[in-house]
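Before any comments, here is the structure.
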Number of protein chains: 2
Amino acid sequence: MAVNFPSIDPAQLHPVAGVTLGFAEANIRKPNRKDVLVISVDEGATVAGVFTSNRFCAAPVTVCREHLAKAREARGAKGIRALVVNTGNANAGTGEPGLAHARETCDELARLAGIAPEQVLPFSTGVILEPLPIDRLKAGLPAALESRAAAHWYEAAQAIMTTDTLPKAASAQVAIDGHTVTLTGISKGAGMIKPNMATMLGFLAFDAALSQDVLDTLVKDVADRSFNCITIDGDTSTNDSFILIATAKSSLPAITSVATPAYAALRDAVVRLAQTLAQLIVRDGEGATKFMTVQVEGGTNEAECRKIAYAIGHSPLVKTAFYASDPNLGRILAAIGYAGIDDLDVAKIDLYLGDVHVAKAGGRHPAYREEDGQRVMKESEITIRVLLGRGSARATIWTCDLSHEYVSINADYRS
Amino acid sequence: MAVNFPSIDPAQLHPVAGVTLGFAEANIRKPNRKDVLVISVDEGATVAGVFTSNRFCAAPVTVCREHLAKAREARGAKGIRALVVNTGNANAGTGEPGLAHARETCDELARLAGIAPEQVLPFSTGVILEPLPIDRLKAGLPAALESRAAAHWYEAAQAIMTTDTLPKAASAQVAIDGHTVTLTGISKGAGMIKPNMATMLGFLAFDAALSQDVLDTLVKDVADRSFNCITIDGDTSTNDSFILIATAKSSLPAITSVATPAYAALRDAVVRLAQTLAQLIVRDGEGATKFMTVQVEGGTNEAECRKIAYAIGHSPLVKTAFYASDPNLGRILAAIGYAGIDDLDVAKIDLYLGDVHVAKAGGRHPAYREEDGQRVMKESEITIRVLLGRGSARATIWTCDLSHEYVSINADYRS
């Protein structure tokens, strides 16, 4: 029951020169499903990532951070050459043995592919606190390597699904300084700063060449405007990871500074694609029936706007009211009030639901009629707009409603 | 479907000398239900309260704060003499007209009872953002005054219910320095710092005499150990209020210092009763099927222990797993990890579920077996114990699970 989820045509996902993708059915948790993905990257690419803020981060996240640091030190001499993802098991809350398993995965893939272990980035998503079935994972690697192809982006999106009901992928081509740049990405799960436990993973490759420093800046920039702007249930996973791969195969000259028009053009293209991938996650949010955009404007800074947007986006009472199409909009005011902005003057606040002016100066708008609120609540795409009247900062997040189906999915997830 | 909710015998609720309670069916939102309560307090009592931290606090909360401040200034000359509560409408998000309505309620009750308006404390609970039907409320006051009796605590508990399925009341008698002190209280809703939008209200009277300063200290002390330790869905209401009434009718000499054994004895009795009232709210939590105690120990300070306890208690993923009796306990580790303790060393963390040692030193305990976790998960009263291994501070909160019924109740609340 995803919300206005666009139909994705595998043929419309452009291959990105320098990237091939292969998968396997390794029986990690359940039989007969793609559960291992290998992404191979040609020599000369740069890779950067951002990861969960959860202190209980998964073993593969720790290993990713180590290997990315080593690649950075090596200054291109020994860059990242492969990513390996398993679903069905998060390898989190698994202590030292979990760390050993993540390293063993890299060792085995490196041996098979003829590269060094630190040129491999490992990712896991699934149930926490259970030992990774390392033997089955290793046994699946040859088939995954064997099946690699540049055209396998759609299959790759399928191979990283857990509670997702649909594979998530997007692709674009843009012209920068007269050169065509191709971008393709996949995602799964929900959220990044506030994600669904099913874990958010995002992998996005493009064929432009970027220096490591520029790519490091870009990956944070993009995450903050895309995956860090979504929430489904406010839980931050142990495994969230978002990776950018710059393969350097395009004819566009290498981008070595963020202060260039080429960087700005590329950034905008990557942000657009990442926003699409992030919004696909919300549209396929567990049990989602509504897609909500929460826009908070007129704040003194972006941080307070985000706090208020997230308070609204996380409130189970707001989310259930949207599920019911019930314009019980006082719940939004209440969420604004407890967002933690101590000096907030509620008498300056206006609230819009779609095009309907609901609250003015902190109270119900005299002209507001329940049937107008009701009309907007019945739509499947709804914008909640809050004007704080205290500055010019703004923030936007995307979220979904809370339904019976959400409870069913999460009460049944392991069974 | 309340969880192990004790049967409350109206005859076991002791009257508190100096307090009478009357109610009315004023048709505030729905016909044929008690929806107005008046609590009258004899001259000579002291009254203190704590209120919601929500910036969008309701009009009656603003008026309560003003009137309590005036009573404090008057030093007993013009103390609080009456409380008036309506259900069905929160009088929140109602701007200036809402404030005028709250004052009008006090004016009318004062006129009828022959006291000053500032000797009245008003309370409202129900739907936000809708105008208070002030005429119906005023029309109900004479009947409420007329029906006042010292024995009406149970009826009072009924009169303040909204989405509550059961009235909540508790009573005790304790001997302090050889004098009997009688305490009786009622509550409704859920939560205080993190309460259910249905609003938490608590009123607790006892016949000991306390100076205003001592009572002001006591009310904060008690709230922090009772109503501030519960959560159902993490939403903080606009209307939460907790009021202590000390009627000074007992033979126990007045308590004018917190540094006395009599204060400590009374405080312990009031805390016990308030904890019972708070836990009744959780047991009757919307859709609750499990009552969970979250104990976090070994922290460097109480605040970080509370942060972690609340992260666990608020996590929709933890709550749905408990609803399903599914020992998907990695979700608890994940919640600990994202609670916001930046320097948390997860390698020191142990987790117990009931008597079962689930995680040791940050990873799955080698001896942990899923069937042991399953056994505890199936119980209706479950203790989650987290040992942080970094200090000696601790905190406990009480919460419930998240069920299909929760979604149904909150999707249907206004219909």
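All residue numbers here begin at 1 and follow the chain in the order shown.
Any Cβ shown, glycine's included, is placed from N, Cα and C.
The Cβ of A:Asn410 (substrate binding site) has A:Glu286 as same-chain neighbours under 8 Å, each 6 or more residues away in sequence. Annotation note: A:Asn410 (substrate binding site) sits in a helical segment as assigned by DSSP. The substrate binding site annotation in TrEMBL covers A:Thr162, A:Lys188, A:Thr199, A:Glu286, A:Asn410, A:Ser415.
Residues or ranges marked as active site, nucleophile in TrEMBL: A:Thr199.
Proximity to chain B, defined as a CB-CB distance below 8 A, holds for A:Asn410 out of the binding-site residues A:Thr162, A:Lys188, A:Glu286, A:Asn410.
Look at A:Glu286 (substrate binding site): DSSP puts it in coil. DSSP assigns A:Thr162 (substrate binding site) to coil in the three-state reduction, placing it in neither a helix nor a strand. Every protein chain considered, the tally of other Cβ atoms within 10 Å of the Cβ of A:Lys188 (substrate binding site) stands at 28. Considering only the binding-site residues A:Thr162, A:Glu286, the Cβ with the fewest other Cβ atoms within 10 Å is that of A:Thr162.
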